[in-house]
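Structure first, then comments.
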């Protein structure tokens with residue numbers, strides 16, 4: 001089933017280092033936030049969620065520019081989208097694997113604050129990027145779909161606006177519009193167009209070298225993620241329309257606060 005050997009490039013060290021980096025961001029971010037009296041007034045679960053936005057922001061600000069640079073300049077990676085890796089792709093894949101391991105453990109230890117859906121998301125991402133790190137498969141698609149993380153900037157900001165009781169101002173509205181536009185352009189339009197390329201590759205001769213079990217996982221992940229992105233987009237739009245008083249009114253348009 002797993003006919004590919006473990007990649008000669010794989011090492012637990014860079015993945016472990018990635019976990020440590022995000023843990024340090026969490027600790028230092030929490031320490032800095034503790035100086036805020038407003039933050040101190042948050043309940044315990046909200047304080048944890050606030051701390052987790054710090055490594056989240058750090059991850060996005062590093063991995064998104066690096067992914068854009070890799071996709072724009074790494075011709076070797078673009079020529080081998082199914083098998084193989086490059087130094088840049090390995091940095092990104094190991095970084096992402098470590099981040100989603102940290103994220104999964106964080107959610108597991110604070111299930112009351114996050115809920116099962118966040119644990120499921122973290123574990124699915126961990127498996128997806130972990131397989132890429134282990135077997136040097138689909139490295140091209142790592143930086144491609146990590147661009148989705150751009151939307152998390154606005155999701156995190158939305159959470160902070162809600163916690164600070166600032167859901168009526170101009171900044172909240174601009175953030176909401178930015179979330180809608182980036183979600184539509186990056187997760188839906190860009191995501192579907194790149195998925196089309198992924199499925200074209202699936203029937204190429206190079207894909208025959210990818211074990212069926214590994215391909216099945218990535219095919220399942222791709223279909224599931226696209227469906228979820230479209231589903232969530234309609235939920236975001238429904239929330240936005242409610243916020244602006246369209247349909248059933250403002251009261252139901254505030255969305256989820258965490």
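Numbering starts at 1 and runs along the chain as displayed.
Cβ atoms here come from the backbone N, Cα and C positions, even for glycine.
Automatic, uncurated: that is what TrEMBL annotation is.
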Stated TrEMBL location of transmembrane segment, expressed as one of 91-111, 238-258: 91-111
Model confidence over the domain 'TLC' (43-245) (mean pLDDT, whole number): 91
